[in-house]
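Asks: The structure's right below; bear with me while I get my questions together.
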């Protein structure tokens, strides 16, 4: 069996977040997870993980946020095409990886439509990312109230067996 890599996409934005990240690092380390922090270049991180391991990316929702923020800081517009390019690059790295990759994301389309255009854009981009990743995934599991609902695949699969 290989190693277990936890790829954290959450940026360290303040002391409270640093404390939270530190606590999660300690919890995961005791459970055999090696944490890798990466806000935007997930394809590089997946490609650098030891083959035969489990790679858990947490989460794509923050990843999209980080990509939007990065574009904003460069005074660039972030479009569907930009997101598609980033997703294709990540999905190519996942396809090439010889091991298990689990992508965590948030379901953003079940709530109310956001009031502000920027929030609607973000929701639309996260939904687009989720669709692209789900389309190429073997299994898609929606977890609600701690209960897994298999949307795709799931034949003989137990989500608990990799965590």
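Numbering starts at 1 and runs along the chain as it is shown here.
Every residue gets a Cβ built from N, Cα and C, even glycine.
Annotations per TrEMBL:
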ACT_SITE  24  active site, GMP-histidine intermediate
BINDING   37, 58  GTP binding site
Asks: Output the one of 37, 58 that, of all these binding-site residues, has the highest number of other Cβ atoms within 10 Å of its Cβ.
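Replies: Output for this query is 58.
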Asks: Among all the protein chains here, how many other CB atoms are within 10 A of the CB of the residue listed as 'active site, GMP-histidine intermediate'?
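Replies: If we count other Cβ atoms within 10 Å of the residue listed as 'active site, GMP-histidine intermediate', we arrive at 16.
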Asks: Where does residue 58 (GTP binding site) sit in the DSSP three-state scheme?
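Replies: Strand, per DSSP.
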